[in-house]
Amino acid sequence: MAFLTLEGIVKTYGTFRAIDGLNLEVRHGEFIALLGPSGCGKTTTLQSIAGFVQPTEGRIVLDGRDITHVRPEQRGLGIVFQSYALFPHMTVAQNISFGLEMRGVPTAERGKRVDEALDLVRLAGLGERYPKALSGGQRQRVAIARALAIRPNLLLLDEPMSNLDAKLREEMHIELRAIQRELGITTILVTHDQVEAMTMSDRIAVMQKGRIVQIDTPFEAYERPHSPFASAFLGKTNAFAGAVQLRNDRCCHVQVHDTLMHVPHEDRTLGNDVNVYIRPEKIRLVALGSGRFSGRVRLRVFLGNLWLMAVESRLGLVHMTLPNLGTPPPEEGSEVGLDWSDDDLRLLDREVAHGQV
Amino acid sequence: MHKNGFFSLLFHALFVTFIVAPLVVVMAMAFTSKGYLSLPTEGLSLRWFRALADNQEMLDAFALSIKLGLASATIAALLAIPAALAISRYDFPGRGAVTGFLLSPLMIPSVVLGIAFLRFFSLAQIGGSFWALTLTHVIVVLPYALRLTLASTIGLERDIEHAALSLGASRWTAFYRVVLPRIRTGVVGGWMLAFIQSFDELTMTVFVATPGTTTLPVAMYNQISQTIDPLITAVSTVLIVGTLLLMLILDRMVGLDRVLIGEGK
């Protein structure tokens, strides 16, 4: 039984369809990320759930209650805004206390719950400060504490990390995830950052042009993208254009330039234009002559934990990553052998590819 | 800090002298014991302040001007808040026209406004009342209140209001507890400018003021066009000193530069 259901949501601005028939079912306690580029409708979707945007069509049901036309102040949601939206003229404690006050929580209990909320985000003792006197990361925590203090039935996060620097963002991902698990609160995150979506969510809803084009666990979505769009949006990938040459019910053979690639578990019509995909980390470096094909190293970049390589081969430029195991890979200009497992190849129709990427 | 050079200091000194000298001259003349305007004067005296205290017409005019300023500035500020919020927030058809219309009294010569109001009041037969006069002042000072209020609403984040709503605040509470404190400096600054404009307004008011509704500037104008005695300098001195004290108090309480220039970040 879904806790939150979005049914056929449409939002139009003039002729522009910001949300174009969106359906989503979220289970209780689940963490869902709405992932997509800017303009894909993810923020409009969040604002519809929050009640700041009235959908043109469709229904929003939260915990069995139709909230499509309920005013935002009566929805009881916790929202963390991209700008944090802290009240600058109130102290941290007053900020957190605001929602409790609106709910008529008695003063004594308010103080207790403010302290609890501050503890939860590890800001105990900073209640008397003004937001101005806090760092970006601390403001973010106050915003989270304020949203959680009212014990909302649903937590909405609108690109909450985009104003933090990379290192802090990573810490907050893990911390926020832990808090969400601890409280068991159903959460919806809007982000354009695939790492953020993957680290925190149970399921990722990839959005494109006002629709959800795929919803899966981070692993499934990364490993088995349904479209070239989803594939490209969730991390880097190599794409090789080809045509189906041979097929049976267990596999396809795709002609890419003068190479026949064997893709198992896929079934396509003969002669179809397709793209074969493989993620950079699935390609292995092997001794020259022993892999499936060979190439010349064009680029070698050291990233600390990884080596990023680009190898010129018969298939074109192949991008790959290697974990840094202590020995540098062959230098730029050297001949290397490349290999992969056929199970790591993915196949997607090229019509879709051309239409959407 | 940058140090000012000699010429820069000289320029500033001359500039300040130029601004302040007339005020000083007026104030000095108020303490004359003679029955005419003179400077330098022999014999210091407070007789013209005594004369002012005994001049009921002048005192009534002063009280009326204060009342008029308070009423028109407050009404203008109350109208300016929703207008500024609407203009800065919503992109509605005719937004530019509405803004232009509300600011238009700035561009119409006071004389023209005065004649228009006079004609309108005599046709509608509502001239001569305090509220008719207030109405004219609201129209004239609204642009000042609106401009400063707009300055503070334009940069206002929509998110904080949304945050308040999401935390369960009603629209009114969200406005009162979150939006209003954010735009307070603009509203207060606008109110002050509006009050000053109303208190100072002569050109338009001369046309619509009646014997029952004579504002201080009009009373002073009448006085000086009939007789030239130092009473007028005494009135001026009281005004100058009064304003100075008011500014000092306001500066202590809220910080004038914050109100008139904007909130420092």
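Positions of Cβ are set from backbone N, Cα and C atoms, glycine also.
Features as listed in TrEMBL:
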| type | residues | note |
| --- | --- | --- |
| TRANSMEM | B:7-31 | transmembrane segment |
| DOMAIN | B:62-250 | domain 'ABC transmembrane type-1' |
| TRANSMEM | B:68-88 | transmembrane segment |
| TRANSMEM | B:100-122 | transmembrane segment |
| TRANSMEM | B:128-146 | transmembrane segment |
| TRANSMEM | B:187-210 | transmembrane segment |
| TRANSMEM | B:230-250 | transmembrane segment |
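Across B:100-122, B:128-146, B:187-210, B:230-250, the stretch most heavily in contact with the transmembrane segment (B:68-88), judged by Cβ pairs under 8 Å, is B:128-146.
Long-range contacts of the transmembrane segment (B:187-210) within the same chain, counting only residues at least 6 positions beyond its ends with a Cβ under 8 Å from a Cβ of the stretch, are 65-66, 68-70, 72-74, 76-77, 80-81, 110-111, 113-115, 117-118, 121, 127-128, 132-133, 136-137, 140-142, 144-149, 152, 180, 216-218, 221, 250, 254, 259-260. Counted over residue pairs separated by six or more positions, the transmembrane segment (B:230-250) shares at least 3 Cβ pairs under 8 angstroms with the transmembrane segment (B:7-31), which defines the two as touching.
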